[in-house]
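Novice: One structure, pasted below without further comment.
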Amino acid sequence: MGDESHNSRYPSRTCQRGQHILAIWNARNRQDVCGSFLVPTASQGGVFGGKLLLQTRRPNLREPKRVLPTLVSKLAAMWGPYRTLVAQALRDDPQLNPDSTSGELLLKPLGSLRRHPVHALVLVIDALDECGDAETRKRLLHTLREASRRIKWLKIIVTSRPKADIQPFFKAARGMCRDLDVDNQDFQDIQYFAEQRISSLIQSHSLPNEWPGAQRLSQIIQRSGGLFIYVETMIRLLRASKDPDEPLDRVLNGEQEDDSAELHKLYSTAIALCVGQEAKKFRLIARAILVVAAYRPLSDDTPASLMGEKSHVVKAWVNHLGSLLYRDETQNDAIRVRHLSIFEFLTGSSCPPEFQVNLKEANEELSVYCLRTLTRELRFNICNLEMSYLANSEIQDLNERVKQRISDALQYSCLHWPSHICSCSQPVREDMHVLLGTFIAGENPLYWLEALSLMGKVHMALPALRQVKECNIKSTHHLVEEILRFVLAFMTPISISTSAPHIYLSGLPFMPHDSTLWKNVRKRFPKVLDVCEGRMEKWQTRPSAWYGHTEVIDVVAYSPDGRQVVSGSQDWTIRIWDVETGTMVGKPLTGHTWGVYSVAYSPNGRYIVSGSYDRTIRLWDAETGTLLDQPITGHTDGVTSVAYSPSGQHIISGSYDGTVRIWDAETGMAVGAPLVGHTSGVSSVTYSPNGRHIVSGSWDQTIRIWDANTGTAMGEPLTGHTDRVASIACSPNNRHVVSGSHDGTIRIWDMETGREVCEPLPGSESWVTSVAYSPSGHHIISGSYEQTIRIWDAETGAVVGEPLTGHSHWVASVAYSPNGRHIISGSQDMTVRIWDAETRTAVGQPLTGHTHGINSITYSPNGLYIASGSDDQTIRIWNAETGVAMGEPLTGHTHGVTSVTYSPNGQYIVSGSYDQTVRIWNADTGVAVRGPLTGHTHVVTSVAYSPNGRHVVSGSYDKTIRIWNVETGTAVGEPLTGHTEEVTSVAYSPNGRRIVSSSSDGTIRMWDVDTRTVVGGEPLGDLPEGSLDESLHDYTHGLTSVAYSPSGRYIVSGSYDWDRGIQLWDAETGAVVDEPLPGYTNGVLSVAYSPNSRCIAFGSRGHVVRVFDVETRAVVGDPLGVCTGEVASVAYSPNGLYIVSGSNDRTIQIWNAEIAMAVTEPPNGWKNLVANAISNVPQIVSGAIDNATKTVSPLNKVGECDLQDRSTSNHQNEGYSATSSILMSTLLLDPNGWVCCADGILFWVPEDCRNGLTTTALVTIPNAGHHRRVRLNLSDFRYGQSWTDVYDGK
């Protein structure tokens, strides 16, 4: 911590008896003032425990989090019993964070001491005002006060300038304060200090004992103005001179001025005497030293290396300027100014022009120095890593390698070049622009990321690149954007952060073909992994829906700068998203053991707070995603809502336990007692913008307003809602509160009077789930159970425009961006969406696939198109050859679509839905032309056209079948009744005379279309006892699907029964044809005849598609493939060449039907689709050198037999490693996407490619466009001990 021992004698003063914390106001920035208030001797009642000198320009000495660990260290060194307790605390709880300003590691051992020192222990915090910001200083002071309150023998002295955030704290805490500006002891202390320092000078220079004389000594003391730094600088200046009288007289010459002017005159004299005729060289070196000190002070060699100067020259200058500069032994002799006022003088207007340091000019110089260093020293494999198998953390001597091979100048340049470039709004130096262009345009950005990875500083790449991008340097803007996209795509948990070699092995292969960065580097890296199919052409534009969560999203929130969005989900994770690209930033934040109900950013954007059903509140570092400290506990039921106070000092939380709690944001400790008053769970909490009030909404149908300082309820609860209050928000002007309720209304309340300011807004016919004000306060947004978002005029209560639609499930959370231009929403459909607040349209690239399971699939009569119906409430039409979505989805159903089919002429599509309706659509325009056709009283499960196209038949869970006139949209006659359970499927016979239906009652019925009666009087599967079909009297799990053969001779049925999943029936007699066919794994969901009647395709609950040969009565070959969900629907193309399947994994797959296996090559045009497509067949094939394919066991590791190291085979002379051939399963991927072998990691696969690892054997229509189908060729892949062969350094 840079603590300094106290070894000088000063007049004695200390805290008074019973007083444990003392504040000393040092308004004029005196140095070492604390010394005069100590009692260093045991006889006077105290032992000095150490002093902590905090300094603004020393990063390690300006962080409040470093104060307490240093105090712990000092106390442990001085007091053995305390040391033992600290060690035990760390052993008992390895997660204990010494850096936390909660002071847990300080306070607990102190409180546990059975005995304490004989004398009071005095700790000094010097220059607190130079430590952190107001918020963190206040938290530190709270902890120090608590320590002094608990431990009677501990006394604390704090020195500071009387800043607005520090002085009131001591007054409120009734701490003892002293102001040096009115302290009579002031000049006595300075005189004593001056005499002691002059005495030392007399001895070192053999001066007369009476030197410098009473008059000049008096002048020194008077001109010091009470500033110890003045005396110290004076003595150091005189000590550096052979004749101290000359500089002394020069300083004391002229009339005395104010304190600041005298100090600056002293600095100016010190510089002038040292610089002489070398003012230009002084400014050059001073600029470098002063500017780097803001980031990380450097030792002599490093600034010399950056500037291209000789090291001994820099050393000589620092030595000559010893009165102003010094080398910090605790920081590898880093060069520092002796006091902040020296920096202020050199950069301020009072400094003579010949010595003045221009910070803008200095930063531009440093940007040039850094870019030159980066270009000169960065290189491929800079630390000479021998293999790619290991993560950075597994390389035992990595730190030593970094120290030896990445110079300090290069490390500094890697970290701070963006800050220097962007220190001024428009950098003007031409050489800087040229150097930046050279650096960005080549492979150096990859080498930079490699160095950051090895240094463990990858997390700094993202803010650095954003900073450069926002500098808006036009010549490099596009390339900076390219590198930024690369970092966003591959930062965590892979190559860039986990393993430096995998920047090249795993990052480069998955870059887009058209990426400028890839084009710039590909010639240097010819031997990387070959993504031979499925590689992106371009970086994907921001999608309109962001995928990643695997369960319901309960909450979304913007960061204060609007660059990121955080979301919390029932999958127990928190995810951070880049707003500009829609990309997830880093790994999911994990730690909660139940669903995350609420998240919020701190006002400064540095932290994220989350509340969970696991009853805890957790704090996270927003930049690194790491968990801070231990969970905050106290609630006795799930935490539903969390929010920061506007000052960031407090967090509030609401819980199902009916209470609201206030917590100290730094310490995690409860502030006061819980706020009690609600009679049921608290659903939502927020602070008023001015921080004076807390507002809470509850399941008890009320809203309460609390005084944020006292925790007392303000007036009576706000009543009016007739159901649970789900969400509340305060207006930016602090005047109003808006609430949304499960009663379907939105209400606006006057915060002062508690009265409603207007009539309730009819927010929804069902629950209103979330409300928020726009930053201007002019609008209110609401999310609802109706899957929509609405915008309201906050003044009039009128709805603004049409609802925002796009989510396929209820909207759980809505929020405005800080600039008010966008709206973010999270939904039970597991997506985050972003909207333009002005145009009320979705922002980003439209989705190109279904977002929920597919229930029905069908070909158009001409075979050119495929139509699909989904639980996402839409119908989509696809080009059967290219897989491209044709136009927009067909929307209108209010629940999932269960069944779709084309009219015989291909002009129309009919659909049935969970919403109990039937709709008819124009297949070309997508416009609904008939409907909704209503009459069913339950889910419509199946629809079919009559062969002449005049009628549509529908079956329903209401146990009936209805026939509809296509022209008029009216029902034809009464419903067909007879089934005793749900009707699951209906179909017309080829001649149109009959309708066949299947049911969960285990029967099939054939109906005469004209008479509307069951043919034969008895249903199939329910025949009289003793008949041929007695064995089929009951299907224990019901029938799922029926279809006529094209010839009309047979009917095929599918069943949930695994042992008789498929059954053929004679369509004329109703008799069973042969034995039933097993349904294989969990039964059959869908059946379809081939156009020539020879084969039947069926989809299974067991995730497979299979083909049954009608003539041989046998299943043909192996399953066509394995989906990751149930296959709900199958259909043949009209020419019989292909089978299409739809699955609840949201994918559509097309298979070769003639040979009962997957398509060897995709149809023409599909190669343009692969960049956006996903296949859920979990295998990939690489090119095989020996024309063989090997199967790999799914053990999350590739076995040694599956990879051939050419350096140990017949190709030993080629000297590289490569895989010969390999059939891979997605089961080989660990949860982070790594493919591993026995020796370690091989390569990494991006998240959007993992489910798409596939052969070229099938064609897949993408699900929602956020995944893609990828095929890897590993035949020339370099890895392991030969990983460096990926690089061609020629």
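Positions of Cβ are set from backbone N, Cα and C atoms, glycine also.
On a predicted model such as this, the values are computed, not experimentally measured, just so you know.
TrEMBL lists 58-161 with the feature domain 'Nephrocystin 3-like N-terminal'. The repeat 'WD' annotation in TrEMBL covers 546-587, 589-630, 632-673, 675-716, 718-759, 761-802, 804-845, 847-888, 890-931, 933-974, 976-1017, 1120-1161 (among others).
Could you give the neighbours, burial and distances for every feature on this list?
Specialist: As a whole-number mean, the pLDDT of the repeat 'WD' (546-587) in this prediction is 86.
Residues 95-97, 100, 102, 135, 459, 463, 492, 551-552, 554-561, 564, 566-576, 636-644, 646-648, 651, 653, 655, 663, 665, 668 of the same chain, all 6+ positions outside the repeat 'WD' (589-630), place their C-beta atoms under 8 angstroms from a C-beta of that stretch.
In terms of DSSP helix, strand and coil, the repeat 'WD' (675-716) has 0 helix, 19 strand, 23 coil.
Sequence-distant contacts of the repeat 'WD' (718-759), counting only residues of its own chain at least 6 positions beyond either end whose CB sits under 8 Å from a CB of the stretch, comprise 683-690, 692-693, 695-699, 701-705, 765-773, 775-777, 780, 782, 792, 794, 796-797.
Sequence-remote contacts of a segment are chain residues at least 6 beyond its ends whose Cβ falls under 8 Å from one of its Cβ atoms, and for the repeat 'WD' (890-931) they are 805, 852, 855-862, 865, 867-877, 937-945, 947-949, 952, 954, 956, 964, 966, 969.
Beyond the repeat 'WD' (933-974), the same-chain residues lying 6 or more positions past its ends with a Cβ under 8 Å from any Cβ of the stretch are 898-905, 908, 910-914, 916-920, 980-988, 990-992, 995, 997, 999, 1007, 1009, 1012.
Beyond the ends of the repeat 'WD' (976-1017), by six or more residues, the same chain brings 938-939, 941-948, 953-963, 1034-1036, 1038-1044, 1046-1048, 1051, 1053-1054, 1065, 1067, 1070 to within a C-beta distance below 8 angstroms of the stretch.
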Novice: Cβ under 8 Å, sequence separation of at least 6 from the ends of the repeat 'WD' (546-587): give me the contacting residues as numbers and ranges.
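Specialist: Counting only partners 6 or more residues beyond its ends, the repeat 'WD' (546-587) has Cβ contacts under 8 Å with 462, 466, 485, 488-489, 491-493, 539-540, 593-601, 603-605, 608, 610, 612, 620, 622, 624-625, 812-819, 822, 824-828, 830-834, 844, 1232, 1247, 1264, 1266.
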